[in-house]
Amino acid sequence: MAGPLRRLNPFRKDRRRWGRRHNPDGTMSLVDHLFELRYRLGVAMTAVVVGAVFGIWWFAHPVFGLPPLSEILMGPYCALPVEQRLSPNGRCQLLQTEPFEIFMLTLKVGMAVGALVFSPVWLYQLWAFITPGLYDKERKFARTFVFFASILFAAGAVLAYFVLPEALTFMAGFGGDAFFTALTGGKYINFMLLLLVIFGVSFELPLILVMLNLAGIVSYAKIKSWWRGLVFALFVFAAVATPGQDPFSMLALAAALCLLFLVAALICRANDKRREKKLAAQGLIGVGLDEASPIDYRPSDIDTTPSKLSQTDDVT
C-alpha cells in the first residue's frame, strides 16, 4: 500500500513511534492521540466484522454442537400453541413480505452476534485507549464495573429470552379462535432484540447505584428512606420500558430489578459501615464540615544536636 492510501492504514508498523511506551514520560500530543485512536478503532471494527461473518454463518449452520442461530431465535415463537400461529404443514416459520428481508435480517443478526461474541476484543481496545489517563483507583473501579456490568447484561438478556414465550402467548391469545399470529421475520427479530437489550441495560441500574455509593454520592440511609418510592418507580419503569406492554415481561423485569436493588442496598450498607469504621479509627466521626479536624497537624520537634563523628567518617 503506497501513496495517500498508506496514511489511511490503521495497522501500519510505524504507528509504534506514536505509542506511549516509547516516550520517556508517557505523554502524547493531540496528533499522537488521534493516531492511537485510529489504530484502536481499526482493530475493534475488524473484530466486529470477523464476528459478523461468524454470526452470519451461525445463523444457518450449527456451530460447536449448538443449533443454528435461527432456531434459537425462533424458539420463543415456536413455543406458541399451533392454533395461535401460522404453521403450514405443522412447521414453525416466519413470513417474508419484502424482497431481501431475510438477507437484511441475517446481516443485522450477524452484526449483533459479532459485536457480542467479540466484545472482549473491542472492549479491550477501548480500555487500552482510556486507561492511561486514569489513576490506579479509577482503573480498579472501571475493571470492576465492566466485569459486573457484563454479567448483569447477560443475565438480563437470558431472563428476557425465557420470558418472551409467555409474553407472546399472552399477546397472541387476545384474538381467541378468530385470529392467528403471522409475524414477519423482521418485526419478530426486532421485537426480540429490543426486549433483550432493554432487560440487559435495565440490569445495569443497581450497579450504577452501588458505584454512586462507592463514590460517596448516595448513602444507604438515603436509599432506605427512598425505598418505597424506588419500588414504585421500578414498576413504572418496567411498564414503560417493556416493548410488548404485557404483564409477564413487565412483572418479570420489575421483580428482578427490585431483587437486584435490594442486593445493591445491602452492598451499600456494608460499604457505609466499612467507611464509618475507617473514619472512627481516624477520629473523624461526628466532625461537621465547618468544624476543625481533631488531627494534630503541628510538626514534631527536630533534634538539632550535632552527631559525633567517628574515626571512619570522611570529613574532606
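Keep in mind that glycine also has a Cβ here, set from the backbone N, Cα and C atoms.
Going by TrEMBL, these are the annotated features:
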- 302-316: compositional bias 'Polar residues' (COMPBIAS)
- 293-316: region 'Disordered' (REGION)
- 41-60: transmembrane segment (TRANSMEM)
- 102-124: transmembrane segment (TRANSMEM)
- 145-164: transmembrane segment (TRANSMEM)
- 188-214: transmembrane segment (TRANSMEM)
- 226-242: transmembrane segment (TRANSMEM)
- 248-268: transmembrane segment (TRANSMEM)
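Stretch with the most C-beta contacts under 8 angstroms to the transmembrane segment (188-214), considering only 41-60, 102-124, 145-164, 226-242: 145-164.
Most Cβ pairs within less than 8 Å of the transmembrane segment (145-164), among stretches 41-60, 102-124, 226-242, 248-268, belong to 248-268. Between the transmembrane segment (102-124) and the transmembrane segment (248-268), fewer than three CB pairs separated by 6 or more residues in sequence fall under 8 Å, so the two stretches do not touch.
Nonlocal intrachain contacts for the transmembrane segment (248-268), taken as residues 6+ away from its ends with a CB within less than 8 angstroms of a stretch CB, comprise 152, 156, 159-160, 163-164, 166-167, 170, 195, 198-199, 202-203, 205-207, 209-210, 213, 218-220, 223-224, 227, 230-231, 234-235, 237-239, 241-242.
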